[in-house]
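What Swiss-Prot says about this protein:
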TRANSMEM  18-38  transmembrane segment
TOPO_DOM  39-58  topological domain 'Extracellular'
TRANSMEM  59-79  transmembrane segment
TRANSMEM  103-123  transmembrane segment
TOPO_DOM  124-128  topological domain 'Extracellular'
TRANSMEM  129-149  transmembrane segment
ACT_SITE  Ser443  active site, charge relay system
ACT_SITE  Asp495  active site, charge relay system
MOD_RES   Ser570  phosphoserine
MOD_RES   Ser578  phosphoserine
MOD_RES   Ser582  phosphoserine
Amino acid sequence: MPGMVLFGRRWSLASDDLVFPGSFELFLRVLWWIVSLTLYLTHRRRLDCPGGVLLSTYLIVLLVLLAVIICTVLAIVCVSMRGTICNPGPRKSMSKLLYIRLALFLPEMVWASLGAAWVAKGIQCDRTVVIGIIATVIVSWIVIAATMVTIIFVFDPLGGKMAPYPPCIPEHLDSNSSNRLLTGLKTAAKSVWETRVQFCCCCVGQDDNTRVAFSSTADLFSTYFSDTDLVPSDIAAGFTLLHQQQDNISHSREPPEVVTHTPGQPQETELDAEVENCHHYMPFAAAAYGWPLYIYRNPFTGLCRIGGDCCRARDIEYDAVEGDQHNCHFASILKTTGLQYRDFIHISFHDKVYELPFIVVLDHRKESVVVAVRGTMSLQDVLTDLSAESETLELGIELQDCVAHKGIAQAARYIHRRLVNDGILSQAFSVAPEYQLVLVGHSLGAGAAALLAIMLRGAYPQVRAYAFSPPRGLLSKSLYEYSKDFVVSLILGMDVIPRLSVTNMEDLKRRILRVIANCNKPKYKILLHGCWYGLFGGSPDNFPTELDEGTQGALTQPLLGEQTLLTRYSPGYCSSDSPLDSPTKYPTLYPPGRIIHLEEEGGSGRFGCCSAAQYRARWAHEAEFSKILIGPKMLIDHMPDVMIRALDRVLADRTACVSCPGQGGSSVP
């Protein structure tokens, strides 16, 4: 931090990012130089063959060129190790060294081309020497190609637009010119992000919904990154420091007092009943993912189990299946739920932006009509997730501020139209009129199921929804309170998705800036220690962060320090209305319903692969998920199969200890 300025533009590469790639190149070049020197010294007396003078000259010049490159790369690595993330002063000579290093590519390319031309002439010399020359030519071009790929990756399309402007634009321009300039920069940033999103999702169709999703996603990213000059390695270092800081705080904090029951809060028996319901309905949410999740959960036997059904010819039994040409999804759903053919009302695997797959089945054990919505599993689903603007819902209920996540609300409306207008629910209740409507889903599907329950509650007052790992940024405060009567959310451990919202991402950005500003260690040490700590553990106290007196004074006010550092060290980036010091354009949204948190108690290894973990179920408040936690299980805990195993474990433990007093967790209103 900040990104380097080379050739008059900013690049997505900091001057302290070259320790690891430089060390790797240094190792490769030294090894290359030793091999070339050995080859020359061993075979120099055999180079009296036709064309041997050319090969001898090639090796001598190559050795000299490699020596110069090695010295330059060594200097780059040494300079890159100096200073800290927010103190690039000791690395001010880095740009000159990089200019020298890039200039050395020209003679290297010329010499590699000459070597290839000379070898192509069919020089009649010792075969070992010729093979060695061919190897050096190949390695030269591999290094050059790798460098070109790296340049493409660190190229910042906005670097040329932002770098020439002074750091405080409003002081140099009148208000109208300043506003026009900032508007132009924001438009350019959004255009660049939209191009990136379209490139990443090039296989997604180009209908109206997709174009709207592209624009919404680009707007989200351009707004989020508009006021920072962070490069990707800065974010990785910030995650590492936050992980250790978070563990340090949790180790020093006293264990929370367990409250089994207070007046007006849910009884422990209700918690047991809801955990059992979650255990029952989670397989339906998992089944909505179809055969990919089934194969993932059963890697050795899954294909054999559903293979026969995949190859079976479609007959009348499959009339309710939509978008499953080879019946593999249907076969996996049958295996996952254990239901019969006659229990399925409708299965849709139609998948577009704002249009999610879902299944409708009859659950005779719980006497319910279950609608299971699939979570994120395609690029279309990702675009739905990232359409994070808020949208007002017309629900016909006496509530103010009925606002929800736009993408998920659109998906819920689509399923609502299908269920109601296409008569799918009417068909289900004509078969089982006394059954209760239950909506379930995981991840994105959990958010859609919760919103769908809100939309259907007027027609089905007894509707229930079970949202497994729902996104946090879903409902406004009023809808969150309203949904508590009929929605239960289940969150496992450190799962990042139930903590993920635009406001929480803003908070994470502030915390990253603060912890980077506080740290006086070079980036390479932060990343090395972070990898060791993440893999093997250790004490976070062994990696202190300190501040000098001047910076400490600047950081006495919240966010002032990192904001000062940004304006001080980011000449190319400027924002007069930075999201860091102004209200976010995205309102605060909340997860749906009452929340059950499955907390890990037993040790299962840092990645959950060493032994079976022990979990404790308890009622939790949404405020407990108002910060994103950094840890090795923040993604693992979101996987459906991990949640199924955790529920199996919780239910088994509760069944075994049903007579033990004091079991269970705290209750939160």
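Yeah, the Cβs are placed from backbone N, Cα and C, and that goes for glycine too.
Annotated pair Asp495 (active site, charge relay system) and Ser443 (active site, charge relay system), C-alpha to C-alpha distance, rounded: 10 Å. On the 0 to 100 pLDDT scale, the model's mean across the topological domain 'Extracellular' (39-58) is 73. Asp495 (active site, charge relay system): 27 other CB atoms within 10 A of its CB, across all protein chains. DSSP classifies Ser443 (active site, charge relay system) as coil under the three-state reduction.
The 10 Å shell around the Cβ of Ser443 (active site, charge relay system) contains 27 further Cβ atoms across the protein chains shown.
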